[in-house]
Amino acid sequence: MLTILLGILEEGLVYGIMALGVYITYKILDFPDLSVDGTFPLGGAVTAILIVSGVNPVLTLVISFFAGAVAGVITGLIHVKLKVRDLLSGIIMMTALYSINLRIAGRANLSIFSKESIFENFVWDKLIPDFFSPYLVVSLLFFIIVIMKLLLDLYLKTRSGYLLRAVGDNEALVTSLAKDKGTVKILGLAIANALVALAGSIYAQMSGFFEISLGTGTIVIGLASVIIGTNIFKRFTYFKATTAVIIGAILYKACVSFAISLGMEASDLKLITATLFLVILIVSNERKRRVKGNA
Amino acid sequence: MKKLIMSALILTMAAGLLAGCANSKKEGQVTIGIGQFAEHGSLDNCREGFLAGLAEGGYVEGENLKVLFENAQADGGTAAQIADNFMAKKVDLIAAIATPMAQSAYSAAKKKDVPVIFTAVTDPVMAELAKEDKTPNGNITGTSDKLPVEKQLEMIRKVLPEAKTIGIMYSTSEVNSVSAIEEYKAVAPNYGFEIIESGISTAADIPLAADNLLEKVDCLNNLTDNTVVSSLPVILDKAQEKNIPVFGSEVEQVKLGCLATVGLDYFDLGVQTGKMAAQVLRGEKKASEINFEVIEEASFYGNNAVADQLGITLPEELVNSAKEMFDEISE
């Protein structure tokens with residue numbers, strides 16, 4: 001039981017960091033950004049190759065973060081400067097990243113089992129008592145995700161953060177403030193994809209290898225987490241949206257785990273995901289309609 | 001405070017969801033989880049061989065052995081989920097078929113020290129599942145399926161004495177294929193061949209790549225590439241139009257219409273792996289004490305129907321040495 005719960009929390013927290021990124025694009029910028037299917041494994045590829053060449057695992061987190069940001073900027077430039085539709089610019093970037101990731105890692109599957117990672121290194125070996133070691137991963141993830149969440153909350157309260165939110169809600173307002181909405185969009189995509197790549201980096205270190213097929217369906221998990229989180233906690237205003245999104249990711253992983261333990265086959269997983277996704281969307285639409293009807 | 005209560009409430013909800021599904025277990029029965037990375041002939045044979053090997057070792061499915069089987073359909077995320085799921089169901093051993101599955105299983109199992117037995121992993125050392133001296137890198141061991149590249153080239157030379165170029169199609173995203181291509185390129189000149197490779201990224205690229213490749217080569221040769229092998233009928237159709245022979249990398253491909261192969265018997269590979277697993281389950285040895293084994297014994301398989309179609313006579317010496325000859329093309 002504890003194993004299952006820890007497993008859900010570990011997966012949920014990693015994907016929670018990714019979901020924070022998707023929250024920025026989907027909810028704040030109103031930009032369905034598919035490039036995350038490429039930036040999640042991008043973080044993994046960068047991390048695996050750097051760790052193999054002996055770079056400090058903590059440093060790989062930072063480098064992955066910036067690699068993701070660069071990818072986000074490119075998606076943004078394609079959309080804003082080349083005037084390609086939002087959905088398509090994401091698809092273009094996602095497709096390009098598949099090859100880029102293969103180039104970065106050198107091959108489709110790179111193991112880092114025997115190397116040190118942020119979860120397994122000589123510092124933890126000395127500091128962490130045995131009884132605590134099963135909880136080390138969850139605690140570290142919790143620590144990282146709380147920091148990321150707080151930083152993001154702080155950022156959204158700055159001037160630049162307000163502009164970001166304004167672009168999604170009311171583009172005309174940004175223009176009337178004499179700000180370039182394109183630049184703001186690019187910035188948002190950069191932050192979002194940086195978070196996604198950071199999650200990819202952590203995921204690779206947690207599982208001990210990079211695999212090219214890991215990115216498939218990242219966007220679906222991200223969107224599901226955002227939608228589950230924000231819809232469930234809509235009424236509880238004392239919950240920040242960022243917190244809701246993280247809990248959404250954990251709940252999503254719990255649902256998947258539940259489906260499997262009910263005897264669903266792993267090959268049906270995508271169907272389960274799609275159904276779950278649809279149900280949540282329908283439920284949230286209904287609620288919206290009801291609110292409108294009452295007004 | 002409210003936030004805390006709320007979070008606690010949600011966690012309990014999630015826990016409650018999962019509590020209802022505890023695993024029942026019969027006395028004296030062991031449970032193993034078999035995770036297979038993709039679905040195709042050789043890996044399926046591997047799995048059947050594995051169960052046969054376990055039975056030889058005294059573990060019969062349905063009697064004293066409960067088998068959970070999952071297929072990741074070539075998706076890395078699903079493979080990880082399968083491994084976690086096996087751990088949650090408290091299996092006594094995980095059998096992992098193909099490299100990414102073995103890595104996911106190892107990653108999930110190492111915390112709890114559950115043994116992992118892998119098979120069809122071409123390079124366990126590169127995958128960091130074992131060390132250079134073949135000793136395990138943890139509580140994990142198994143069998144490796146290195147392609148008999150030299151024997152295959154020797155066979156192709158005998159069947160097609162005049163041929164100069166061999167075309168090989170492979171997925172750039174499959175590690176096993178990439179290392180096999182390198183070996184082919186290194187060894188081919190010794191047999192007077194030039195290798196023309198064509199990398200693809202999805203099954204959708206195959207028809208175009210095949211047309212292109214068939215313009216340039218005297219014959220085609222397959223690897224154990226999951227994507228390419230799954231689309232074998234497309235390639236065979238196109239090659240047949242041009243009357244170009246296609247060589248397979250294992251017996252299932254010859255049944256489907258490849259001319260011949262010097263291939264591994266994946267059923268035997270599975271049997272050997274199954275025996276290793278039985279040893280571990282009996283508690284005679286831990287997986288961490290058994291070195292991984294490489295299967296290099298390969299046999300000739302040919303398809304007479306395909307040879308007739310192409311107007312090629314397979315050399316008698318090969319036919320006589322064949323482990324099995326097929327007289328029809330199975331659909």
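Glycine residues also receive a Cβ, built from the backbone N, Cα and C atoms like all the rest.
Those TrEMBL annotations? Automatic predictions, nothing curated.
Pulled from TrEMBL:
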TRANSMEM  A:12-29  transmembrane segment
TRANSMEM  A:61-80  transmembrane segment
TRANSMEM  A:87-106  transmembrane segment
TRANSMEM  A:132-152  transmembrane segment
TRANSMEM  A:186-206  transmembrane segment
TRANSMEM  A:212-233  transmembrane segment
TRANSMEM  A:245-263  transmembrane segment
TRANSMEM  A:269-285  transmembrane segment
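Proximity of distant same-chain residues to the transmembrane segment (A:269-285), defined by a Cβ-Cβ separation under 8 Å and at least 6 residues beyond the stretch ends, is recorded for 217, 220-221, 223-224, 227-228, 231, 252, 255-256, 259-260. In this chain, the transmembrane segment (A:132-152) lies close to the transmembrane segment (A:186-206): three or more C-beta pairs between them fall below 8 angstroms, excluding pairs fewer than 6 positions apart.
Taking pairs at least six residues apart, the transmembrane segment (A:186-206) and the transmembrane segment (A:245-263) share fewer than three Cβ pairs below 8 Å and do not count as touching. The transmembrane segment (A:212-233) and the transmembrane segment (A:12-29) are in contact, since at least 3 Cβ pairs between them lie under 8 Å (pairs 6 or more apart in sequence). In terms of C-beta pairs under 8 Å, the stretch of A:61-80, A:87-106, A:245-263 lying closest in packing to the transmembrane segment (A:12-29) is A:245-263. Sequence-distant contacts of the transmembrane segment (A:87-106) (same chain, at least 6 residues past either end, Cβ-Cβ under 8 Å): 32-39, 41-42, 44-46, 48-49, 71, 74-76, 78-79, 210, 212, 215.
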